[in-house]
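Student: Below are the features listed in TrEMBL for this protein:
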- 16-32: transmembrane segment (TRANSMEM)
- 44-68: transmembrane segment (TRANSMEM)
- 89-114: transmembrane segment (TRANSMEM)
- 120-141: transmembrane segment (TRANSMEM)
- 162-182: transmembrane segment (TRANSMEM)
- 202-222: transmembrane segment (TRANSMEM)
- 255-278: transmembrane segment (TRANSMEM)
- 284-303: transmembrane segment (TRANSMEM)
Amino acid sequence: MIPDYLTFIRFQDKRNLIYIYAIGLILIGFYWKNAGFTFPSEDIGVVSGILALVLYNFIFDLKAYWAYKCVTKNIDFSWFKKKQNHKIELFLTQPLVAGFLSLIMLSAMSWGLYQLLPSLYALFLISLLGPLVIFLLFRMIRTSYVKQVAISVAKKVKYKSLTRYVLLSVCISTVVNLLTISPLRNSDSFVTEGQWLTFKSIIALLILCGVVLVINLFFLRFSKRYAFLGRLFLQEIDLFFSSENALSTFFAKPLWLRLFILLVIEMMWITLVSVLATLVEWRIWFEAYFLLCYVPCLIYYFFHCRCLWHNDFMMACDMYFRWGHFNK
């Protein structure tokens, strides 16, 4: 028996709420640890930005996922009969617009709590209420996206290549990373200007880059095949979206070996950057210095992500052809 939409989302939302809270609390927890278990007023925008980007990531492929659900007809969508889309709704639910509006809402909420409560109590409430706000916005946007699926078939390809698609995702992930580690600019464990080339600085940056990479790789465990299948149905991508897997020989090696090679390269790179920074007496922000040191890990993350999503796209293409065959 095919479940109706309301029954399906009632079951799905239990997992969505847990997942949103888990992601939000993990990221805010890392921020709080990096801030030395403090919450200064100037970081209200940082915490709000982290939560807003969580929402953006949740809704980025959401319409494509529901396009897959609508086309395969494994859910009864009769609840949406006679429900119409409005122009303002189409505009406000775009991922970029919705993310920006959520940033304003979360910033206002955080500022209000900060004014009313001691900083740590304010952060505690933000950690509890922020993910709930994201979940409620997610529910409203999801309803709108399901209504939009019927009119959302693209007139031209939206993403011409997997490389561009991955690059956008990596950029968003990098912004989240920078927001999360930004409080470390005030940490004694990291260098100040003119003290780049120290053993303590190099080891601290190596550990930080490793931790950030591991967290990013962990969140790649979730498959994109249904999102890609939905985008194929919406004609936002075509069958030439990804024709080959870059660095397939390297990624055929065991994960431990790839990470060991990356560790050696990262160590040499951080040392080289530290030497150059000392020689030319660089005066740059900590976030910029971290990003420069993180380049080898960032490159690895990009190609690791592309490799996984290429395989997901191949699976999506297989399902796409099978659906076309069975639907004849």
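Heads up, the Cβ atoms here are built off N, Cα and C, so glycines get one too.
Quick one: how deep are these features, and who are their neighbours?
Tutor: If one looks beyond the transmembrane segment (16-32) by at least 6 residues along the same chain, the residues whose Cβ comes under 8 Å of a Cβ in the stretch are 39, 43, 46-47, 50-51, 54, 58, 123, 126-127, 130-131, 134-135, 138, 176, 179-181, 183, 215, 219.
Listed by sequence, the residues of this chain that lie at least six past the ends of the transmembrane segment (162-182) yet keep a Cβ under 8 A from its Cβ atoms are 27, 30-31, 34, 43, 46, 49-50, 53, 56-57, 60, 208, 212, 216, 219, 237, 241-242, 286-287, 290-291, 294, 298, 301-302, 305-306, 309-310, 313.
If one looks beyond the transmembrane segment (202-222) by at least 6 residues along the same chain, the residues whose Cβ comes under 8 Å of a Cβ in the stretch are 23, 30, 173, 177, 181, 184, 189-190, 263, 266-267, 270-271, 274, 290, 293-294, 297, 300-301, 304-305, 308.
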Student: State the non-local partners of the transmembrane segment (44-68) in its own chain: residues 6+ outside its ends, Cβ under 8 Å from one of its Cβ atoms.
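Tutor: Contacts of the transmembrane segment (44-68) (Cβ under 8 Å, skipping residues fewer than 6 from its ends): 20, 23-24, 27-28, 31, 93, 95-96, 98-100, 102-103, 106-107, 110-111, 114, 123, 126, 130-131, 133-134, 137-138, 141-142, 145-146, 148-149, 152, 169, 172, 175-176, 179-180, 182-183, 224, 226-231, 233-234, 236.
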